[in-house]
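Feature annotations, courtesy of Swiss-Prot:
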| type | residues | note |
| --- | --- | --- |
| REGION | 1-50 | region 'Disordered' |
| LIPID | Gly2 | N-myristoyl glycine |
| LIPID | Cys3 | S-palmitoyl cysteine |
| DOMAIN | 63-123 | domain 'SH3' |
| DOMAIN | 129-226 | domain 'SH2' |
| MOD_RES | Tyr193 | phosphotyrosine |
| MOD_RES | Ser228 | phosphoserine |
| BINDING | Leu253, Gly254, Ala255, Gly256, Gln257, Phe258, Gly259, Glu260, Val261, Lys275 | ATP binding site |
| MOD_RES | Tyr306 | phosphotyrosine |
| MOD_RES | Tyr316 | phosphotyrosine |
| ACT_SITE | Asp367 | active site, proton acceptor |
| MOD_RES | Tyr397 | phosphotyrosine |
| MOD_RES | Tyr460 | phosphotyrosine |
| MOD_RES | Tyr473 | phosphotyrosine |
| MOD_RES | Tyr508 | phosphotyrosine |
Amino acid sequence: MGCIKSKRKDNLNDDGVDMKTQPVRNTDRTIYVRDPTSNKQQRPVPESQLLPGQRFQAKDPEEQGDIVVALYPYDGIHPDDLSFKKGEKMKVLEEHGEWWKAKSLSSKREGFIPSNYVAKVNTLETEEWFFKDITRKDAERQLLAPGNSAGAFLIRESETLKGSFSLSVRDYDPMHGDVIKHYKIRSLDNGGYYISPRITFPCISDMIKHYQKQSDGLCRRLEKACISPKPQKPWDKDAWEIPRESIKLVKKLGAGQFGEVWMGYYNNSTKVAVKTLKPGTMSAQAFLEEANLMKTLQHDKLVRLYAVVTKEEPIYIITEFMAKGSLLDFLKSDEGSKVLLPKLIDFSAQIAEGMAYIERKNYIHRDLRAANVLVSESLMCKIADFGLARVIEDNEYTAREGAKFPIKWTAPEAINFGCFTIKSDVWSFGILLYEIVTYGKIPYPGRTNADVMTALSQGYRMPRMENCPDELYDIMKMCWKESAEERPTFDYLQSVLDDFYTATEGQYQQQP
């Protein structure tokens, strides 16, 4: 296609720290230490050391692997749910996606349980410091989130070497502020573990207890486990087209050209966001066809579509609730206006990650902008409203020159010829970067839509903003290439933004 491409830099060097003297690459908030043994082939990890729970398929009643313990309490909502207390043990009878049928070992009652509220007994998943299925970058985001401080830590599975683990620790550096340091946990042939070869441990739990007593060569002593918010329970089994009366609208969060957004509750129990569409915005049939595609797109950086109400107007779209609202509103708020550039870059990287997933799925957003990105309590960004623009039937929108069409965010080929592709989304992402770095200002300030269309046809591009680094502006200009095929991929954009602050000069961390 002629697009700029780049492979993600997922190598062992970026994943951990060895306790020997070795060169370090500094970032603004993170320190990565090269692993001098990364070019050596590691011995296969024995099955007994694989991440517990990964092969949880067999349902032999005699197997200990069927026993799970509750990480959080759960009050059942439906008659066939099984309520339980934190610490209660249950035997899994059947797995049904995100809901499992189980039997309490204490009460002997049976029912359905949310699978993300439990963990297999005698595994790392029962430990509050173990974060399953988390990337290195998201581990850094979690540790830097409000509520954590220096000494906060977590254990995660290595992204690059299945069955291996890494320790991530929040530290404070006078020159760089809060930083995250990653330590690779190595395995012994006999099943033990170590970070420094000076001292080994029979299990990871013993290792954690040791480093909670003294730093012993780590950047600092381990203190509290990284805060882990209680997960939202999985959506109800087979609840897609739901009754309107099952939704209670509680608080109006905002209003747009095509409807309103509310905080509400489903069945008086699950907090959700509800988008109510103005009558005539789109046909129920066209929306349902698109929604059936949208609900298959599931990623940490995409807002989860739960259910719909389409039997009569207004159409309701039920999604996961994001506490901080839209990125646009957040950037304009008192809290958002105090966010520093490194976090703004991180917002951009998170959005690029979500769009890279959409890119891999051969899908198109069509309306990517700060108003359609939502922010969580822990400042995680998720992309919303992907695909909806395709089924809007409003004449002022479909005309493309109409007042409701987002001209300033749209690529020239999409404005002029209706040619929407993932590359037109890349153009929009460049405009979104402008919104982020200006804390929510409208692009092309002082220009009308007509002025913008004329200027773009003559090669005009927005100039660099005063507080925008040259390197970030270079990324914007790449997104605004006239030829769609010359624009970068979202995979490339994610890799560049993830490593935006990576220094090129190596430093050294001394062996303890």
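Note that Cβ sites are derived from N, Cα and C of the backbone, with glycine treated the same way.
DSSP places the residues of the domain 'SH3' (63-123) in helix, strand and coil in these numbers: 6 helix, 29 strand, 26 coil. Its Cβ placed at the centre, Tyr473 (phosphotyrosine) has 19 other Cβ atoms within 10 Å.
Between the C-alpha atoms of Tyr460 (phosphotyrosine) and Leu253 (ATP binding site), the distance comes to 36 Å. Residue with the densest Cβ environment among the binding-site residues Leu253, Ala255, Val261: Val261, by other Cβ atoms within 10 Å. The Cβ of Ser228 (phosphoserine) lies under 8 Å from the Cβ of Glu128, Phe131, Gln142, each of these being in the same chain and 6 or more residues away along the sequence. In this structure, the C-alpha atom of Val261 (ATP binding site) lies 10 angstrom from that of Tyr316 (phosphotyrosine). Note: the CA-CA distance between Ala255 (ATP binding site) and Tyr193 (phosphotyrosine) rounds to 54 Å. Around the Cβ of Tyr306 (phosphotyrosine), the same chain contributes Trp235, Ala239, Tyr266, Val272, Ile318, Thr319, Glu320, each under 8 angstroms and 6 or more positions distant in sequence. Cα to Cα, Gly259 (ATP binding site) and Tyr316 (phosphotyrosine) are separated by 10 Å.
Secondary structure at Ser228 (phosphoserine), taken from DSSP and collapsed to helix, strand or coil, is coil. In the shown protein chains, 19 other C-beta atoms lie within 10 A of the C-beta of Gly259 (ATP binding site). Spacing of Tyr316 (phosphotyrosine) relative to Leu253 (ATP binding site) is 15 Å (Cα to Cα, whole number).
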